[in-house]
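Peer 1: Take a look at the following structure, please.
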Amino acid sequence: MVATALAEAVTHPATGAALDIEQVSHAFDIDGTELPVLSDVSISVEPGEFVALLGPSGCGKSTLLRLIAGLDKPKAGRLREDEERIRNPHPSRVVVFQDPTLFPWRSVWDNVALGLEAQGILRSQRQRVDDALDLVGLSPFRDAYPHQLSGGMAQRVALARALVNDPKILILDEPLGKLDSLTRITMQAELVALWQRKGFTTLLVTHDAEEALVLANRVIVFSDRPARVKADIRVDRPYPRHRGDPYLAELRRQILGLLGLDATW
Amino acid sequence: MSTYSLSDGLASGAPRTSRVPLLANWIRESGAGVLASVAWIALGLSCLWWQDVGDWSRTHSLGIAAFIIAALALFGTVGADYLGAAGQALHKRAPWLVALGVFLTVWEVATAKFAWLPLPFFPPPQAIIEVYTDDLPKLLDSVLASIKLQLGGYLIGATIGFLTGVSIGWSRAVGYWVHPVLRFIGPLPATAWLPIAFFTFPSSWSASTFLIALATGFPVTVLTWSGVASVSNAYYDVARTLGAKPSFLVLKVAIPAALPHVFVGLFMGLGSSFAVLVVAEMIGVKAGLGWYLQWAQGWAAYANMYAALIVMSLLCSGAITLLFAIRDRLLVWQKGTVKW
């Protein structure tokens, strides 16, 4: 009892990590020619913030996420998690991709257990897998295989697979992009609830201005490729937010203007 | 509107189905089973009615057995309602039972009774049964020898092929050295090595094992390699962000993802290793079903050849069934797999 109460007390208040992106530039080599994708990007994220990265499609947002995850190394600049240089992937920074990319040969439970198994701590911490499945409401499907799940359920499993590691930074790469609009609205609310409960730092890549404004307390707008930070907007509104909120509508108008879409608005 | 016309159609259709004569219903339910019984009675009669043109000792037994099968088919059909699953199984297979009975009857009449087919080359069914009863020990020895040789060579070839395939798919350095060798040696039919293998290996058994392993290893290697190479990078990205080490990426990501390909390779390897097994037994090894076939031909014992062929076909089919059963067990997560 005391132990669990203590664990609660430790995990609840802002478990998120700070993230510093310092003058990061990156480029791809395509047949010998260099294609710049990120140009001198500097962002400083506070522990526990929910930051949305918004920009035209193909501008290099997802590349930035791969750098933050440690999957790729930047050509120039530095990334730091809590003052520590990011050089490799680490389970404290987990990515949820646009495709759930569940392993089709593993059951739902085994998919969620992936991180703990890879770190060699599954045997002693099986309860965490059950808890993560409970968290996303998929405990009844623990023995199902991915091909038996709907798109929304699969993305929930992917979310549970990330959350089971108790990440300090949760990286979301358009995780709701391929879902139908109803599932999407439900999962947006679930995301906010999870973030408020767990307190991890959240980075969300999206190209949907409304989604960014409903979820995040900070929206960073990127330019076309090579991506530069165009605007850094605070969204000081309490949760749950309403899509019809005139304050958010005004922000949305400004953001679309920054993306060059004010004519169509 | 449309719903009304639909229900009208249903209403007018209902009395029509109930007016179907009972006889037609009975024929649809039990016709095939009764026909099967008739076909097997015909076989029994054809065995016992005419004199054999040759000297076969099992004609009488075959006739009796045919009558017993006919009786079982008849009772099984009439009493299908009381037999549960067995009755259902019989009902499903009844058409095949008819075909088999007719085929055996024609065979019996065309060979043993009137010799329409030239005799030593086309032995009657009772001659083949005679082989199974009188030459059983030798046949069993051959079966065991074949299984031993095949199993050893296949397991060695499949293991080496699998490990090689994973290594090529995973490591660029291994690929650099092994790929050219594979391209040079792999497409060569393993049987082309026969003369060299029987000279260079200490025993014909080890030579044959090597050849069977070679025939198995090539397809297994290529398909395992292609399976590992085609694993989506997204899986590796996911595993890496969750803290996976390289060994985890190989054992828990690359290999399970490649397994469907591996089984295609194992299946192809099994097919080509059967061919090598039979040729090796015919040429070098003094045991096994291939050798039995060769020996039977030397003595013009045609019934023995047919008997050995039937056993060989059952063994090969059984091996493939076993492989597919293992695959279905390991790959339950796949949807839409072919049922063998």
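Cβ coordinates are placed from backbone N, Cα and C, and glycine is handled just like the others.
Note that TrEMBL annotation is computational and uncurated.
Pasting the feature list from TrEMBL:
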DOMAIN    B:143-324  domain 'ABC transmembrane type-1'
TRANSMEM  B:32-51  transmembrane segment
TRANSMEM  B:63-84  transmembrane segment
TRANSMEM  B:96-116  transmembrane segment
TRANSMEM  B:151-170  transmembrane segment
TRANSMEM  B:182-201  transmembrane segment
TRANSMEM  B:207-236  transmembrane segment
TRANSMEM  B:305-326  transmembrane segment
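How about a rundown of where these features are and what they're close to?
Peer 2: Cβ atoms under 8 Å from those of the transmembrane segment (B:182-201) belong to residues 164, 168, 207-208, 210-212, 214-215, 218, 221-222, 272, 275-276, 279-280, 283-284 of the same chain, restricted to positions at least 6 beyond its ends.
Sequence-distant neighbours of the transmembrane segment (B:207-236) (same chain, 6+ residues past either end, Cβ-Cβ under 8 Å): 149-150, 152-154, 156-158, 160-162, 164-166, 168-170, 182, 185-187, 189-191, 193-194, 197-198, 200-201, 249, 253-255, 257-262, 264-266, 268-270, 272-273, 275-277, 280-281, 284-285.
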Peer 1: Under a criterion of three or more Cβ pairs within a distance under 8 Å and sequence separation of at least 6, are the transmembrane segment (B:96-116) and the transmembrane segment (B:32-51) in contact?
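Peer 2: They are in contact.
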Peer 1: At a C-beta cut-off of under 8 Å, are there same-chain residues at least 6 beyond the transmembrane segment (B:32-51) that contact it? List them, or none.
Peer 2: 59-60, 62-67, 69-71, 73-74, 76-78, 80, 90-91, 94-95, 97-98, 100-102, 104-105, 108-109, 112-114, 126
Peer 1: State the residues, same chain only, that lie 6 or more residues beyond the ends of the transmembrane segment (B:63-84) and have a CB under 8 A from a CB inside it; answer 'none' if no residue qualifies.
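Peer 2: Beyond its ends, the transmembrane segment (B:63-84) has Cβ neighbours at 29-30, 33-34, 36-41, 43-45, 47-48, 90-91, 94, 97, 101, 104.
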